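Asks: This structure is in structure tokens; I'll ask about it shortly.
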């Protein structure tokens, strides 16, 4: 997201709101840690609060942390190379693995199954084509 | 990067607890990966004394010990097989219930050859302290009985491991980590600047940097001889720290270099001066030169690499690893200490090319502090003299320390602009100063010079990062985005919309969405018209994933076969994804593809009392392709069907859908038996590909709210007439239907083929095709004459186009 005023405060809000909506929890502990990526400055990694005590990961509970994404303010060189003046334009970027997020949300144990096309797996985890989850209709099916 | 708590406190005056330190490290970007305390594992083991050792009555090699655990209780009877067990020995006791890590056993009271044993006396290997298993540990008589062995041995020093990001070479040292923690308010950084060591006389070995006209791979080199030293094991405190972070103590000289590498982030090397012949020349390697490295492996050089050589040849891989033959041993009496600077990029390349990863390479390729090159040499000299004795010569220094000075104009408002955090100028200046940055000025823009140990800091954004990471990202308030419009506009691109439309249409037709790899095997690629050299991966994960896919069908076919092999033979899958025609961006295109196997047709699969599902055919694939095309808004009724297809489809059971003569929108058909056989697939399989990018986007943008024209429907009843034409076998339905449709433009609204007949009444080589024509009157009911006129035009048009005549 690039404009003339978006800063780390906005980035934190966007990611907090996203994670709360996606994981369908009212309160979610989040931790922003300074990190390094060549294309953002400052750069951060984000952890969410979870509970690992029962062998599976439960998001929104407990005292453990789980790293879910990297983010930061778009590096001035990137903005410049896109033909904009980094003293005037600014913004943030983030990235997360969608398969990993799905694993967390649905408690899927194995990433490889995503690419195996086992019809039993697709039937179990898939959505009905005319009843896709929406925020206003609820994300759980 | 690993270090221990006590080591950190050499550089940081602090009252903070381990938990506070760990939390702060992560908060400021030095993410703690693990904190281990060797003491935790060794906690149960105590110091005990053997009072008495008698031969075992039933075994020659065993003894029965009587052991005083130092707890005031009666002595324990323990059966022991160690040759060194004897009365008076003070060692380490493990009791029933204790877990012994080295043998992975929780002890219980045992009976060994009929004698009960209430514990064991441990060897170093049993406690995972070393590989030594010559006998049980012998601590010496003055070790305190009953005390914790871990505490006695000083093993209760927690080890902290941080995951270091590649931009922070300064924190590849304990002192650098301490500086960051102090800046974050966790104590006071102890500067500990090494004092120069006075030398006597010049260093007898000179160093030449010989790079000719090529870029210098070693900008500066310091060397110093220390004569008359006694090498041996390094002191206990140093060995403990090295062992704690996973290094193996070797001898004092080598341990000192390793210690300073971790303590200050300054890698050094020591040569045994007696084994160096002549002067040292730092230069590019020569083809064919070799070195036996300290790790026992032989390395071969070329002229892209930087080596240190003497009259005997190459003695060291500059900045990466020394050679075995000139290395220091316990017999070394004169030592040459090297502290140099190396080109970071070349270090990384050389390390990669030689496949060698060392603590020195790790630091040099990230960038060491050039200003600590000579202080590091002074520190090493002092430690060598302190631990091994001897006298040092003066420093031989050649080359030039690179100038790392940078000056950044820093508007302090940048912090607020990029982070939203409100800080005062003194707060900002305070953080930077504590990190060692030089800051001057007091207005809106201050001048900042980063320290020599921070090669990563170049501009304003870097300074903002320093400030916000030390102040803490937790301090940045989450700020809602301004709501710029009550209702957002369309955000999806036409391409994204099409993908969604195609997915939904295909899913509704009962195909299940799959995601397969973009990489397929060479055999699959070749079978589907791929296998080009430019689409071969340079470094595939496995031979099964060696080529970029030219089609989605091979992946779907393999997936369907996997399901069949698991006992689910009737599957229908689709995928929307990229295919690759060549290695340019234009060669990449978005495709919706599907495949039906067995009897997985549109109306269900398998056997049923009302009739079994037929095996899938070309017509299933065609219907799927048309459904996907209709869903994305392609003019399906205008498309031409051609009996042409790529060679992976069955030549008689396949086709193409084209818009105009050239634009192929879809291909469909049954997989060619040759392809099935080549890829170990069992048919039948019917597949299609729809080329989403090939469908033209509507040119004129419909006026807002008027994207559809007004509806014009007639109240009059439509009229249907059937015609049967006898045509030559070669005439396609497509040609006949097109001719009939075009015979009259206003009245004819539909033409379908409802029967094809060959046999009695129709001549050999001909067939009868029956069509159903719908006529929709507009302004008045059609008379018989009107209908007959249209029928005549249809007969004439069909005869002209196909040579067919009405069947009598």
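Placed from the backbone N, Cα and C atoms, the Cβ positions cover glycine too.
Heads up, here are the entries from TrEMBL:
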type	residues	note
DOMAIN	B:39-150	domain 'TRNA-binding'
DOMAIN	B:403-478	domain 'B5'
BINDING	B:456, B:462, B:465, B:466	Mg(2+) binding site
DOMAIN	B:714-807	domain 'FDX-ACB'
Asks: Among B:456, B:462, B:465, all listed as binding-site residues, which has the most CB atoms within 10 Å of its CB?
Replies: B:465
Asks: Provide the number of Cβ atoms within 10 Å of the Cβ of residue B:466 (Mg(2+) binding site), excluding the reference atom itself.
Replies: 26
Asks: Determine, from DSSP, whether residue B:456 (Mg(2+) binding site) sits in helix, strand or coil.
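Replies: Going by the DSSP assignment, residue B:456 (Mg(2+) binding site) belongs to neither helix nor strand, so it counts as coil.
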Asks: DSSP secondary structure for residue B:465 (Mg(2+) binding site), reduced to helix/strand/coil, please.
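Replies: It is helical.
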Asks: Looking only at the domain 'TRNA-binding' (B:39-150), what is the model's average confidence as pLDDT?
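Replies: Its mean pLDDT is 89.
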Asks: Tell me the residue counts in helix, strand and coil for the domain 'B5' (B:403-478), as DSSP assigns them.
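Replies: Helix/strand/coil tally for the domain 'B5' (B:403-478): 32 helix, 12 strand, 32 coil.
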